[in-house]
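Chemist: Grabbed the feature section from TrEMBL, which reads as follows:
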TRANSMEM  20-40  transmembrane segment
TRANSMEM  52-69  transmembrane segment
TRANSMEM  105-123  transmembrane segment
TRANSMEM  130-151  transmembrane segment
TRANSMEM  157-177  transmembrane segment
TRANSMEM  197-218  transmembrane segment
Amino acid sequence: MQEVSALIEKEIRLEWRQRYALNGMLLYLVSTIFVCYLSFRQKAGHLEPITWNTLFWIIQLFTAVSAIAKSFTQERAGRLLYYYSLASPLGIILSKMLYNTGLMLLLSLLGYVVYAFVMGNPVGDPGMYLVAIGLGAMGFAGTLTMVAGIASKAENSPTLMSVLSFPIIIPMLLVLLKLSKNALDGIDRSFSTDEILTLLALNAIVWVLSLILFPFLWKS
């Protein structure tokens, strides 16, 4: 755990030094929400809940891709070789996944606050909606971090990342839409148990597979 915490600290320091990347992500998030507001401004406070929910998760998905795509591509070959001699592959992938989860939680919560302020907030059960946001952040971070690692080994990595992540992200996104729709409608939380368990299982599968497969990718 000491190795993982040191690597997470390295990620935070690197992000802080390259503040333009974080500022770019925040600008992307806020400007996308503002474009949605301009597109629906006559109905901003009266959007259909399902439209409101779908727009929110589309914004979150593209924000996640934008934020996590650089996980490995920003690292130079010499620096990766240095990490190879310094840290274990499990420590590398776990630290990046945990850091990206924290980053996605921050961006998702900020996006939710700004989106609800600008577009109105029809959520009937905010607590359950925050659970959906947390599970979504964890799932997006785990999936996209591993795919970014695979894509970084090939040319044209952004395109490859989009293609590889699509089959995993779409089922997760469908369950997230259903869970967050339940929260929007404010229905009893017991009706959302299946969706929560499904998302937990998907996240566990993605994270475990990442921890198993990444050492082989790292050696290549």
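Sequential numbering from 1, following the chain as shown.
Cβ coordinates come from backbone N, Cα and C, glycine included.
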Chemist: Any chance you could find the range in 105-123, 157-177, 197-218 with the most Cβ pairs under 8 Å to the transmembrane segment (130-151)?
Modeler: 157-177
Chemist: Grab the same-chain neighbours of the transmembrane segment (157-177) for me: Cβ-Cβ under 8 Å, and only residues 6 or more beyond its ends, written as numbers and ranges.
Modeler: 53-54, 57, 61, 65, 69, 73, 132, 135-136, 139-140, 143-144, 147-148, 150-151, 195, 198-199, 202, 206
